[in-house]
C-alpha cells in the first residue's frame, strides 16, 4: 500500500495515516437503538442504549458528533498506564515500549472529537506529548549509529514515527549501501573501520535494493 | 549502477577531471587558440568526466585523480569531516568518487567516501531534526547535492508532521460543495449531492 499524496508513492501524508488509523476498532456506549451494521470490514452492532459495543473509530467519531454515543478510551490511554510507559521510555535508552501502532493518530482523533469522554484529558494529553518527544529523541540518537553495516532494525515504532523518519533513513541507507559496496573498498581497509560488535548476531541477510 | 534517467547522475558526469592525452588527436577543437585543431601527446587537459571516461577506455588519454580527492582534502576530512566545504570542491563528491573508483581502480577513494559520509551524515541528521531554519544557510552551503537531498527529505517530513499535529484546516471542502449550482446542471446536481454528503459524512465534515 502506498500513499497518494507523494508523487513517488513512497510516503504517506499525516492525513492519510490518520485515515488508516480510523479503521482500528474502539469501544463505544451508544444511546440509540440501531440494527446491526454490515460493512465491508465486518459486522458491527446491534446497538442498544447503555450496552457497550466495538466499532471502527470513524464510526465512533461520526456517532459522537451527533451525540449518539460516548466513547470509552482504550486501556492504554489512562493516566496510570501512560505514566508507566513514560517512565519505562525514559529508563531504557534504546528499546521502545509497546504502544498501539497508531497511538499518535488515535490520541489526536480522540482529543479532537471526544475530549469530554477522556478522564483527566489535559494530563493524558501532556503525557502522550511527552512520550512522543522522548521517543523521537531516542530515534534521533539511534539513527546516529546508522552505518554501512546496518541491515535491519527491529523496534516497536509506531506508524507516524516510521513515516516521519522514512525519507531520511531510506536515503541514508541507500548512500551507505552504495559507498560500502565491496567493489568500492578493499577488504583490508574495511576491517579498519569495523567497530567491535556482538558475536551472537547470527547470520544476516543482505539488504537488497 | 548508472541510472539512465537520473538528472543528478547526468550532472555528475559533467564534473571536470584532469586527463593526459597519450596520443595525438586531430579535430577535437579543445583549444580555441590553437588553429591546427590538434592535441599533442602528453598535453594535460581538464575534461568532463563522460568524455574522459570514453577516452580512457580507448586508451587515448589517461585520467588522473581529480583535485577534490587530493591529499589536502583527505586530511581535512580525517580531521573534521563535518565541516569541510565539499560543495565548492565538487558538488557531486560521492557520485564522482564512485565513478572514478571504477575507472582508475584506486580503492583508497572508496574508504575515504565512506568515512566522509559517516561523519557528515550525523551532522545532517542532527541539523535536520533540530536546528532552527535561521541557522541553516551557512551549514547548507557546505553540503554536497546528495547530502542536501537527504537534509531536505528529513526537514520536509518533520515539518509535515508538525503541521498536522498543530491542527489547521483538518478537512478541505471539495470545490463542488461550495459552488453555486448552475441552472443547466441542476438535475444532475440533485442526483449527486446526497452522494457527496455521504462522502462528507465519512470524512467527518458534517
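Glycine is treated like the rest: Cβ placed from N, Cα and C.
Listed features, source TrEMBL:
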type	residues	note
DOMAIN	A:14-71	domain 'DNA replication complex GINS protein PSF2 N-terminal'
DOMAIN	A:76-177	domain 'GINS subunit'
REGION	A:187-209	region 'Disordered'
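Shown for the domain 'DNA replication complex GINS protein PSF2 N-terminal' (A:14-71): DSSP residue counts in helix, strand and coil, namely 17 helix, 21 strand, 20 coil. Secondary structure of the domain 'GINS subunit' (A:76-177) per DSSP (helix as H, G, I; strand as E, B; remaining residues coil): 71 helix, 0 strand, 31 coil. Confidence for the domain 'GINS subunit' (A:76-177), expressed as mean pLDDT, is 85.
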